[in-house]
Amino acid sequence: MSDRLTLLRPDDWHIHLRDGAALANTVGDAARTFGRAIVMPNLVPPVRNAAEADAYRQRILAARPAASRFEPLMVLYLTDRTSAEEIRTAKASGFVHAAKLYPAGATTNSDSGVTRIDNVFAALEAMAEVGMPLLVHGEVTRAEVDVFDREKQFIDEHLRRVVERFPTLKVVFEHITTGDAAQFVREAPANVGATITAHHLLYNRNHMLVGGIRPHFYCLPILKRNTHQEALLDAAVSGNPKFFLGTDSAPHARHAKEAACGCAGCYTAYAAIELYAEAFEQRNALDKLEGFASLHGPDFYGLPRNTDRITLVREQWQAPASLPFGDFDVVPLRAGETLRWKLLEAEA
């Protein structure tokens, strides 16, 4: 078993960098490992057009560490009022790479999201025409649907219809959490892919709920039962190019997580590739990590692969108990625990 693993530099195809003072921390954590990242647009107010995307992009670039070549790939936030013209303008910008469908109320800062899928059909048609991928938070939000069933329900009620109606539209089913989602993506046409988080590969709902409620495991879509975790691992290590890395690293200040009504999100960017390495090692599949982390994503998006490399070494180190997060602190996933892989260096 090798104690050293060298990969083409990976990208993160789903990350939350937040805004304001927090960028000084989140951008550096992402840039430590990733060449590029698809940056989620669910700010307050959200990133709804190319001008807002450019302003946010400039704030991210200003927070890059010295000499970093990290590239933020910007995303529009779809609303009921997003027009086909806004899609075309965003595509022409060269820096907006996708548009994100949040069902209204599904997750953090999604109140401005789409209330009915049909309301964005004109935008989706324009996206298909110009070659802009649709990123989907795949959960229904009706109160009568159990939180553990909302992903499967979204597939049956909405996603199948979107894929059938727009056969040339690239669709990324983001942060999939169920065997149902993995099967849907496998069986869908080649224009449908999915991201998988490290925390959904490493953990299931027992880790969050057994022996006490652990708020730093709470995320949306929520962790599912262990059989779904195993199905996600099967997909990630399969070598199927439809599945690729997306951390959904989503920081919240400690007081917003450790609360009577805590926020959803796990902060993993500080050690993302190390966490994925642990998951792949569980399946004796470290040879599949480069495809998942570095190749499948850019290939799906039609972007060039990175050419520089990173190196991981098998070395135990202790995750920090907390990290700075603007004016506050954030408790990262695995805080205070031992990690088994460590990012060593970048190679030209």
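Placement of Cβ uses the backbone N, Cα and C atoms for every residue, glycine included.
Annotated Zn(2+) 2-binding residues in Swiss-Prot are Lys100, His137, and among His158, His175 the one listed with them is His175. Matching Asp234, Asp248, Asp287, Asp299 to the Zn(2+) 1 binding residues that Swiss-Prot gives (His14, His16, Lys100) identifies Asp248.
Take the substrate site that Swiss-Prot assigns to His16, Leu17, Arg18, Asn42, His137, Leu220, His252: the candidate from Ala55, Ala122, Ala123, Ala264 listed for it is Ala264. For His252 (substrate binding site), the count of additional Cβ atoms within 10 Å of its Cβ stands at 25 [all protein chains shown]. In this structure the alpha carbons, written CA, of His137 (substrate binding site) and His175 (Zn(2+) 2 binding site) are 8 Å apart. Counting every protein chain shown, the Cβ of His14 (Zn(2+) 1 binding site) has 27 other Cβ atoms within 10 Å. Using a 10 Å radius centred on the Cβ of Asp248 (active site) and all shown protein chains, the other Cβ atoms total 27.
By a simple count of nearby Cβ atoms, those within 10 Å, the most crowded of the binding-site residues Arg18, His175 is His175. Ranking the recorded positions Arg18, Asn42, His175, Asp248, Ala264 by Cα distance from Lys100 (Zn(2+) 1 binding site) puts Asn42 first. If you draw a 10 Å sphere around the CB of His16 (Zn(2+) 1 binding site), it holds 25 other CB atoms from the protein chains shown.
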